[in-house]
């Protein structure tokens, strides 16, 4: 039975995974386990070299140079230890992904659109990693200088399991866990690997069943069936789409998450099932945990967050969603999506504040 071809993200990553990425991830696993077994002290540098080689192999020397240049510029700007300047640099580097002349130049480097898109996706995710490192550099104490050097930045930026699509791990967590040396057990790691592969294989089978039998995205791409469908049918289609999105990210984040575990790191929690969520706030906290931690640590809390005035909370939440919309591409529909999510979070938090007033509590 033919599959629904309309979900670009699923088709794209499955194709790349089968061709090269899964093999490169297997190579990372081999290098990681050998370095943990033989040279634990040098594990970060072994993985850094492997990540750089894998980047060169997939994206070519020009793609590798772009990512290295982004890291070098971010590190140079971070030397001023000014958070505002670091953010300005990050936004400028991110904006270069959407300059038509730059896009055309990068397209000419590759034979296919898929190769260009791989560079685009990789650089956009690397921008977040560079931002995390640079802000941690701005905040670090002089005694932490050795763990905030340029080699550590490269080890973080070129860490291969999270290289192309995440999940996002903040530098403070990555550095702390990567420098920690633990007892290595081949038997324990092997059991983690086998159980992890079994879970991911089950999720992949479920996703393939959904993509071959349900045709959710094909229905959404045609106006005629949507116009003739009842509201209940439209609601069912919407639920089916977000459930497929959930299963898809169990796989896309589950594979790198398993490798993080094998490397002795703690990956961000996998997405929480969307059927268990009833609020915008829980959705943002529980679906992409790595991105949520990034947004809270580097945007929401520094801008005042929930500890500031009502206006400050509104502003810090708005800036958080504005950045998410811009990072995802900045198209008009993404701004609407971000605004609606911001409104949902504000209404929920406002309702909680009203309900917490003693008079309202007594009335309830």
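The backbone N, Cα and C atoms fix where each Cβ goes, glycine too.
For the transmembrane segment (20-39), the residues of the chain that approach it from at least six positions outside its boundaries are 13, 46-47, 50-51, 54, 57-58, 160-161, 164, 184, 186, 189, 193, 255-256, 259, 262-264, judged by C-beta separation under 8 angstroms. Among the features that TrEMBL reports, transmembrane segment is placed at 20-39 (among others).
Summarising the annotation, TrEMBL assigns transmembrane segment to 51-78 (among others). Tertiary proximity for the transmembrane segment (51-78) is limited to same-chain residues at least six positions away from its ends with a CB under 8 Å from its CB atoms, namely 20-21, 24, 27-28, 85-86, 89-90, 93, 106, 109-110, 115, 118-119, 122-123, 126-127, 130-131, 133-135, 137-138, 150, 153-154, 157-160, 163.
Tertiary proximity for the transmembrane segment (84-102) is limited to same-chain residues at least six positions away from its ends with a CB under 8 Å from its CB atoms, namely 70, 73-74, 77-78, 120, 123-124, 127, 130-131, 134-135, 138, 326-327, 329-330. The transmembrane segment annotation in TrEMBL covers 84-102 (among others).
The transmembrane segment annotation in TrEMBL covers 114-135 (among others). Counting residues 6+ beyond its ends, the transmembrane segment (114-135) has Cβ neighbours under 8 Å at 12, 15-16, 55, 58-59, 63, 66-67, 70-71, 74-75, 77-78, 83, 86-87, 89-90, 93-94, 97, 106-107, 148, 152-153, 156-157, 162-166, 168, 170-171, 294, 298, 327 in the same chain.
Nonlocal intrachain contacts for the transmembrane segment (150-169), taken as residues 6+ away from its ends with a CB within less than 8 angstroms of a stretch CB, comprise 13, 16, 21, 24-25, 28, 44-45, 47-48, 50-52, 54-55, 67, 71-72, 74-75, 118, 121-122, 125-126, 128-130, 132-133, 175, 178, 252-253, 255-257, 259-260, 263, 265, 267-268, 288-291, 293-294. Per TrEMBL, the feature transmembrane segment maps to 150-169 (among others).
Positions annotated as transmembrane segment by TrEMBL: 190-211 (among others).
Sequence annotations record features per position, and here TrEMBL assigns transmembrane segment to 231-252 (among others).
Taken from TrEMBL, the feature transmembrane segment applies to 310-328 (among others).
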**Request:** For the transmembrane segment (310-328), could you work out the same-chain residues 6 or more beyond its ends whose Cβ comes under 8 Å from its Cβ atoms?
**Result:** 91, 94, 124, 127-128, 291, 295, 299-300, 303-304, 334-335, 337-339, 341-342, 345-346, 349
